[in-house]
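Take a look at the structure set out below.
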Amino acid sequence: MAACTPGDVPSIITGYLGFDCEKANPIVTVRNPADLANWTLPVLEVTIVLGAVLALVHAIRRLRRDGDPTNLAIWVGSLVYLFVIEPPLYFPEWFRAEEAMGFMFSHNVFTVNFMFDRLPLYIVAFYPAVSQLAYEIVRAWGFFDGSRRSALRGSIVVALVFQAFYEIFDQLGPQLKWWAWNIDAPFYADTVRQMQDRGIPTDKLGNPSAVPTLASVPWGSVWLFATVSFAVLVYLAVRLVRNAALAGSAPRGWSLTWRIVVAGVVAVISMPLLSIPTAVFGRDEHANQQAQTVVYTIELLLVWAIGLALLYAQWRRLRAQPGTGADDARTAYPFLVVFPPLFLAVHLVLWVTALPAFFGAEDGLTADNTPIGNLPYVVACFAVAVGVLAFALIRGRRAATPFGDGAGAPRGAEVQADAV
């Protein structure tokens, strides 16, 4: 079973990215990192895979030391989400999803790739790593305390935090050829012409689901993948696992397993449901893209407005009651002090090195024929990411210091105080 044939859309996109998908290994391919498209690919790969490993170690530690399986549920639930949503995106014809979904994009090849080179290892690692990152930041802010509607409030903030970190990555990827979207764009012209010069007939590029775009990224990706899906996953993990653990009956075994599966699968199901406001304006080439852009913009602004308002209200609450959620901040700190700063530092370096080509771009394309992202939006995402992380780290460090400056004390000290 071939992953692509000469002249079809996947072969055009992978040809643009610089590799041949026709003879790809159906299971796994390992490459020399030095042979990848550019130096940024192995740097990104190592960063994200390391983050997933650190997230798993942290989740196991949380389960063993604190008796809370929520982190592990989110880590595994992210993989459930991945393996439900990604294969149909890569091979819509195998799942009879060509009309409903179509071929959306292709990743470039990294050091380790699965499934006919369509699924890089770092993508498998990305969702567990970044979902853990967003959840732990929000937990360190004291949102998931088991109170009424705390799961909903916290998950809305997760939507903002996850989006901020995700879009720092997402808006840079097309410029550095980490992947390419199936859109009818001029940067594919040379690849198409080269195929036609060899006598290969080419299919028409462009998936209606991949437009409209926010710079080089489909709005659907910003809304569904970077915002709502993992907010739903975390919400369910908190409701089904975290709240039970806080009540003293943390699920184990099969009870934990079905909750994880439900969280991952429902996160996927939520995506078409939450795309209805834009789908009413069409789903094919005749869709009203201007109206869809307006709806997406309103949705994005609502998430930012509500998320920032909730963060501000929580910041005021924590200033008045600094001991609130101190134990959550303390237990999140070991993970937050390592991976999130690493993620931001690596992406800052990658963005800085990409800026000369970005500012030299004409009509949205660099001299290397790659599309650029939306820099003001990325700066805003960096500001939110750095701000929420810095406050979470400050709370975590203070809570980890016995009887520090009022931000909280370890759980043992709190229990002793209550006993008095």
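Positions of Cβ are set from backbone N, Cα and C atoms, glycine also.
Listed in TrEMBL for this protein:
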{"type": "TRANSMEM", "residues": "39-60", "note": "transmembrane segment"}
{"type": "TRANSMEM", "residues": "72-91", "note": "transmembrane segment"}
{"type": "TRANSMEM", "residues": "119-138", "note": "transmembrane segment"}
{"type": "TRANSMEM", "residues": "150-169", "note": "transmembrane segment"}
{"type": "TRANSMEM", "residues": "222-241", "note": "transmembrane segment"}
{"type": "TRANSMEM", "residues": "253-274", "note": "transmembrane segment"}
{"type": "TRANSMEM", "residues": "294-313", "note": "transmembrane segment"}
{"type": "TRANSMEM", "residues": "333-355", "note": "transmembrane segment"}
{"type": "TRANSMEM", "residues": "375-394", "note": "transmembrane segment"}
Most Cβ pairs under 8 Å with the transmembrane segment (119-138), selected from 39-60, 72-91, 222-241, 294-313: 39-60
Selection from 72-91, 150-169, 253-274, 294-313, the stretch that has most Cβ pairs under 8 A to the transmembrane segment (375-394): 150-169
Top Cβ-contact partner of the transmembrane segment (39-60) among 150-169, 222-241, 253-274, 333-355 (pairs under 8 Å): 333-355
Beyond the flanks of the transmembrane segment (253-274) by 6 or more, those residues with Cβ under 8 Å of it: 69, 73-74, 76-81, 84-85, 223-224, 228-230, 232-233, 236-237, 240-241
Positions whose Cβ lies under 8 angstroms from the transmembrane segment (150-169), at least six residues beyond its ends: 44, 130-131, 133-135, 137-139, 141, 143-144, 217, 222, 225-228, 230-232, 234-235, 238-239, 242-243, 303-304, 306-308, 310-311, 340, 343-344, 347, 351, 377-378, 381-382, 384-385, 388
Same-chain residue ranges lying at least 6 outside the transmembrane segment (294-313) that approach it to Cβ under 8 Å: 141, 143, 153, 156-157, 159-161, 163, 212, 214, 219-220, 222-223, 227, 277-278, 281, 384, 388
